[in-house]
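J.: The structure's right below; bear with me while I get my questions together.
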Number of protein chains: 2
Amino acid sequence: MKCISSKPSEERIKEAARKVFLKKGFDGTTSRDIAEEADMNIALTNYYFRSKEKLFLEIFKDLLNLYFQNTLDILNKDLDFKSKIYETIDHTFEMVSKEPDLCNFIVNEVHRSPERLVPDINFVRQVRHTKFGEQLEEEIKKGNIRPIGIENILPMLCGYIQFIFMGKSMHMRIFEIGEHEFDAYAKDHKERIKEMIICYLYN
Amino acid sequence: MKCISSKPSEERIKEAARKVFLKKGFDGTTSRDIAEEADMNIALTNYYFRSKEKLFLEIFKDLLNLYFQNTLDILNKDLDFKSKIYETIDHTFEMVSKEPDLCNFIVNEVHRSPERLVPDINFVRQVRHTKFGEQLEEEIKKGNIRPIGIENILPMLCGYIQFIFMGKSMHMRIFEIGEHEFDAYAKDHKERIKEMIICYLYN
DNA sequence: AGTAGTTTTAAATATTTGTTTAAATTATAC
DNA sequence: GTATAATTTAAACAAATATTTAAAACTACT
């Protein structure tokens, strides 16, 4: 009974918490913020999850998964090296476009208190050993690309475009542009990143 | 008298506030944190600055200045285009090395509540019109480098290396390395960024 | 030494925080 | 339909929050 009837409420709280945590971060979020967003009684957040901290950890786990899993899948896909580079960059772009607060949230929460998030972060260790990593070594061995480690190429594929979005607010104000213009700029910059990485790797 | 005798206390509070705000952010910092860090009575933060918010805005202004001013100076320096690229990247690296929380702080605070920081951000508009910008146009006109706008090249010079440091915590855990190894990695990556940008620009 | 002005202190302010309680309501099973 | 369990509610909780107060301690100048 519990599972069936409680799901709507429990799910509503999680969705609300996800939304508020993403926007305000853990420190900036109050239990009442979440309850209000979910349009529910304050006590329910502690009824379904035992504390704000517990609720946060669940949300964080989900969001870290969203942040990494698809990229991980692409890296392990059956696809040629160069296409994989393009697809990873495109996917990162799509991801941050759909969830504009995600990168800021993950990077900031991990930076602020890495210790408590360690068990979740461990899952991300998978990026060290992917099919893409093997392909990378192969391309280097063949002399097709310059020598480079996985820890150097991954930030190029994922991090650079993420930074553009993380600094969106400031960028828009510095260059006095609106949402629409920023999107065009980001898209353009993404293509430049692709070309730049290819240019660098293939000399 | 006020100026001479109050400076030590006022300065001690600012230094403490700077330290705590940098580490914990505005939301994560309490007035007591600051007072404790400064080893002073809690009431003094409100005696010298009128509120936590006012104190924060002063600190933020200083830190935003630290974040941008030196880069701005370099961009306006009397130096050839290519050297300026190298120097900007090197300076950004030095800056984040010395103040590891700075980028996370600035990016996060601006992202969370850009409105209240607008007056400060306006100062950063200067990056749009620098000597470097003129040099950039000239190099493009001469056909030395490919066409690119200042809004695209600046993130390459400043943002990419910043992202590496912003994700330091996660990177260290993913690749199971310590501080020392990370520094070596970051240094290496910085040189790769230089080469990549040059390679991209000069085709 | 005494006084005016500044700085520091301990204590109290009113809110807000996360969390809990115990009663009320709803749903489920027999 | 009634008993049992699950859910929701309003209210209260203690602790922490930013800020203020009013008195004490200190400083500088006559």
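A Cβ is built for glycine as well, from the same backbone N, Cα and C atoms used for every other residue.
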J.: Which is it, of B:30-49, B:50-69, that TrEMBL names as DNA-binding region?
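T.: In TrEMBL, the DNA-binding region feature sits at B:30-49.
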J.: Over the DNA-binding region (B:30-49), what does the predicted model average in pLDDT?
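T.: So the average pLDDT across the DNA-binding region (B:30-49) works out to 96.
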J.: Which residue counts does DSSP give the DNA-binding region (B:30-49) for helix, strand and coil?
T.: 14 helix, 0 strand, 6 coil
